[in-house]
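Chemist: The following block contains the structure, expressed as structure tokens.
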């Protein structure tokens, strides 16, 4: 209270360094210690009873004992003062007043939040103050509520700071409270008049409301008074109490805290921030930073406390509010945090940056509250709602529903509640309380009194982080805030008016809850409806429902509403609860007629669970009970009809449900677990409420086994030992009797999507399907018709495109000038045409129903579209306002997109659809694929138009991006175009294209690019329709392959995979697999886009021209089986032959195609024995004249044959053979004469190279890989030809061989195929007879008669044993040459399986059969030896030196020839006979004179022909070389000349460049040196830094280890420091109090010293005046005898003048001492004041006085006076406060100066004699001690104890003389048995004083004494007027009885004479004798005594 404030008032935030040094230790009172020790810390208490009880019991007692009667006098005296203060205050500017209010708020809240000193009245009265300071950092939620309430009260004054009426009222209330006048009514009315109606209910709910109000009014009154009366500037006072040292230290600690915070060392940061707060406790930033640290550390209550402190220090700081709200939300107080956030936004509205953060926080808090409301909690949601509103009941005036119902039950039995004061003292005297209630009906309104129950708590979540939630009261089910006025009216009134009012309130709340329930139910807010109905059921009791005038059916309808709400929620728990509620209606309320609705509800529950059979049973039961419905029902207390209660509607609804249950949908899966307990249902639906996914296992035999996930886990646990799902692959199928292998496992998640999939491909061999062949048109008419159709289609396509283009242009023209009166049909047609531009939108419109079925959560879709700005806020509101919102939302959005025709919004809608999690898994892939088109098109778009995009101003794009997508996507500030080209930024790239499209007006250069992106690149889903069938629906377009037919002579492309053996036929040969795949992949007919037409036309032209040069490969069809591969090869060759006709085996087409065959294809052909054998394996192919042809064209080829009968020609030739041999000349141009070499060395090399002697015959399989490699070698030119012929051969004459229709056996087929272009032809039958060996199967030799190049066919015969002699040479088949290519040879080896191959001796024989075809087609028989075979084999090798391209072929054929043995050579002659004469004897001699042996002539002709050709070629080459060389020479000369000229020009440039290069090199060298020097320096620095860092790292490691090893020490040190800090703070407080007390005592002591000095000097002067009066009296007596004394008149005059001078000196001395006393009281020190100067007065010279007369007349008085003067002088000498300097000037002059007589000396001698009577044992040595240097000018050197006693008694009783006092001393000594031993001077003085007082009581007033009394009256008046008590005048050594020497402070006029405490209020009493006492102390004294405790005076009348 202000009355308790000390004089030196310092603000509470003064730092410790600024004020700590001035404090002394100790001084804390015992009461304060007890208060600090005994004060409890109760975290959940609101106000401790003994906290305010004592003070306010006294206040109440004083008020009702009559103190309040003094208010009239008080009001009259203070009225004008309040008015003046209020006017001066309100005259100041409003801004200054508001700043003052903020400063006053800090004064009020400082002891509550920042400084916890319980000695102040604020902290004692306020419940928020913590008692234990170690926990002062935390503030409990309940105390925080009181702090906020206190803050609201304090903020009221700021609102009305310049309102004179309210300010004046505030001052009046403050004065009343200070003077202990109860002013509760005035205080509450003042709050009510301010206009804030929310504070009064809050105050009513708090027990400590009155202390808050008293603190508010008194503090504001005090500070306003200070501002006005003392002209105190609170703002300056607040700012100036921080020294620079504290500011610097605080900033240093703050910076260190910031550094630790940046390192995320929050605990250390908290320590530094705390140290900074100790230096600067008024800095709000420090509390905010520390709150943030606490938030990061999870200490939310500490963060809450610091956030509140920061707000109090600066309420316009947004960050403080933000952290405060964060802490509240972390503690679960979301509603509270939301309210605090709203208040913060109002306070911080001038800070735009901070308000943004607060708004975001507001949105986040709202979302959290919505999420909490959406979840099902354990508590009653309605209870939680009302509990959250309990603390601030702004909108509810009626009591809570449950509480009201309880009151209805007990309204007649309540009892009167005991009245309690607002301070919460429950143990007060009931009588006093009742008197208070009766005495003043207005001071305590019932409206503002608290209820008797436990005070409410602010609730958020049920439990906060620190478990601070309150347990519910045991008396009531819920703890709710109730309207206080209505509760008190119920409690204090028994009238029926209260009950009626309560009933009205109950019905009002009942209607409100029912309305909330059915409204939420109609709007499908099922959770809100369930909450409302649950609250109703919790409040309603069905047994007492009639008390509310409600029927039982109303209660049943509430139960039905709850069940329907739970059914609408749809979760398994809610569905079970709904089923229970419906069953409850059936079982407990069967008479209400709602059985039909209950059975229907149960059926709906089962239908939700997809249990169709159970649902069908209940629906059928409900159909039978429709007749029992009571009629159309409405919701209770309303007129809203329940639609289900209409019989016709129920009937229709039940029929619909029954039909649905009779024909249920196909389940998505069926659980196969035998013990499946899935709610009696093995069917699995994705829409099951309890759907948690399932697993599907498939095997290769198409079995599907499915399980619930729970069933699958059980099955794995019990049967498969928890086997991993993936391990089931390749296992046996789980289906019984199935032998398949598990090939696929799919696991579906709870959302219905594929969670994971495992697959193992099991390849099943299938029979090759017969390819679909496209036959050629057989007639020209059909070809012409086909071409006409193609042309017609082409024309129609062009017309359709043209028509579409015209329609688009027409729509554009119509859209530019809008016509308001346009018909609806035109709009629709234009709209349909417009969709051709945006194909995505067209697709969305056509599939709207599917999209509608896909979306399962429409609210999420709409929110996302709203966030993407596809929908505006108005559209969103319009969509939500629809009653059928859920079903119409998607339709509305699609219609909106169609109306907008915005390409970007359409694609955003598609993107949002694809991002939705709750999508139907059946259509989700289609939507995602549709959405992926745009993502795939971004790459080509940026590639094509990257140059145009780089020219854009990215600042504008960045701004537009932030405006459009800143809230959804990250910022693109600082990013370039390359960022969007990255694969990871595809989404951002597409959004950039969307942004450019939306702002296309700003980018005109990109119009065409954007149109291309949205029309073509991003719209692959639809294409142009065929114009010839416009009526056909779009989805029914027939897919037709439009592959272009090639011309008959063009080669078809073939698909040959390079890595796999696969051949795919062209488009005209379609297999069923290809047909199916094409049908599945094609989405419709294909139209070539405009931008690709030119490229396609060029491609087609090139394709038609070079179709035979393209080879396409395909790798897909060769993974099947070999049969399919062979079939594909047959198809391929069929197409080839069909296009090109019959082909020769040596045709280039075969060789070129074979080169590109993969390895597997070649192996297939090799296994078959070559291409010919392979093709003959298929019945489609035949061989005609060594030409491969199709069987269907064989008849045509036979007609064209020129030689029809080969056998006849052979016979004719054999008959005329002799004639031909003699007569016919040789034909030099014959085919056999064409040489096969290019040089003459060919013939020489034939015999020079021997064949392999010891070559074994490897198996045919071993030859295959080697010969395959040979087939890949290149071919030589056609000019190089080689023929292996014996030189003795005559001119050969041969004929064509006829083909054999019999196919060759398996063992006689060719074993390998050497060349790709050499294929075997038809077979020739060669019989072997008469060799003396066993008859063997005939051998077959493949012949190729149509090949133009030579071909060597080696036919190894059987190995012949040595026991069989060879009588003659073996006839063999003559060889022939049938090849046109120099490097080609076809060698086929075969061996009969009947020949003996096991006996492989060295005498193997082999012959080579060379079949030569002559110009006449004759074949002769020849026999060759082994040597001839070697020659024949070696000749090609010799030729290979000149034919480099055939080297590898010949090497392979030499190495791999089998059957060549080392048989002795036999004569080898080439037999040139006809085939018919092969077994007859013929002349084979050489033809002389032309040849020495057979064949020489032919050999020579061949050589000459070869040489001539070589010469001709050489001449041609020489001419060409000369032409080329001359041309090259000219070109080189020109180049040389140009180079010379250029060198001349470039030489000076080179020199200049070299010079510049030298300069640059020098410069670079210099820079290099500098850089190297810098590098060296940097390396040194780096090395130093590394060393330093290593050392610091080692130190840090050491420190870390120390810190880790000593965690407990840090805790101990911290606790020790905390204790030490507490002790230091305690010492500081004690020192401060001791300092204040010592200062007061010092002032009192200095005042007492000055008063003693004043009395001493005055006594001296009074003694002189007394002597002067005595002398003057004597002179006046002698004046009668004028003769004897002639100068009497003159002496009288001089003595009178002396007497007046003494009187003036007395007054002057008093004035001087009074001035010094005032100066000391005002703050001066005694040592600083100048000493009081007292002038020395001398007695006037008077020789006429007779000494005897003088002694006789004044022996009594003079003696007393002299003793008094001596005693006063002794007192001055014994005064310890008088120093040597001051003692000289203040001594009283001796009376003997100027006096003719020596009476003073005689008086002194008399007193010495009296003092000598005291025995030495009675003398106190302490009383005899005298300081050195303090002696009087008399001869007395020491003062005995008797003189000290006399001095003390003279001061107390100045009216007695020293002789009388000596007599009193003797009497007291006689009573004490003549001894004062053991008694101190003080005790003796006390006894003598008591004796004198008793004597005065006994004696009556004596007339004789009046004279003495009147004479001594000046001295008594001086003593009475002195402010100090008489007993204290004896000096500071005077002690009272029972007091210790050091405990008693110096007595003062401002302290009580009994308890010696300084008066701190007006509660004091002054007696007539001048002594002052506390009223309480004096009353206690009067109980046993009736005299003054100090002087013993019995006159106790008050002089107040």
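Glycine too: its Cβ is placed from the backbone N, Cα and C atoms.
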Chemist: Of the ranges 1397-1422, 1423-1448, 1449-1474, which one does Swiss-Prot list as region 'Disordered'?
Modeler: 1423-1448
Chemist: Among 442-478, 479-515, 516-552, 553-589, where does Swiss-Prot put the label region 'Disordered'?
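Modeler: Going through 442-478, 479-515, 516-552, 553-589 one by one, Swiss-Prot gives region 'Disordered' for 442-478.
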Chemist: When Swiss-Prot marks a stretch as region 'Disordered', which of 1806-1839, 1840-1873 is it?
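Modeler: From Swiss-Prot, the annotated region 'Disordered' range turns out to be 1806-1839.
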Chemist: Swiss-Prot lists region 'Disordered' for one of the ranges 900-946, 947-993, 994-1040, 1041-1087; which is that range?
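Modeler: Of the candidate stretches, Swiss-Prot labels 1041-1087 as region 'Disordered'.
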Chemist: For the repeat 'TPR 4' (596-629), find every same-chain residue at least 6 residues outside the stretch whose CB is under 8 Å from a CB in it, and list them.
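Modeler: Non-local partners: 560, 563-564, 567, 570, 575, 578-579, 582-583, 585-586, 644-645, 647, 650-651, 653-655, 657-658, 660-662, 664, 679-681, 683, 685, 687-690.
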Chemist: So how many of the residues in the repeat 'TPR 3' (556-592) end up helix, strand or coil by DSSP?
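Modeler: Counts, helix then strand then coil: 34 helix, 0 strand, 3 coil.
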Chemist: What is the number of residues in the repeat 'TPR 2' (284-317) that are helix, strand and coil, as DSSP sees it?
Modeler: 28 helix, 0 strand, 6 coil
Chemist: Counting each residue once, how many in the zinc finger (1952-1991) are helix, strand and coil under DSSP?
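Modeler: The zinc finger (1952-1991) comes out at 8 helix, 7 strand, 25 coil.
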Chemist: If you run through the repeat 'TPR 4' (596-629) with DSSP, how many residues end up as helix, strand and coil?
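Modeler: When I sort the residues of the repeat 'TPR 4' (596-629) into the three classes, I find 29 helix, 0 strand, 5 coil.
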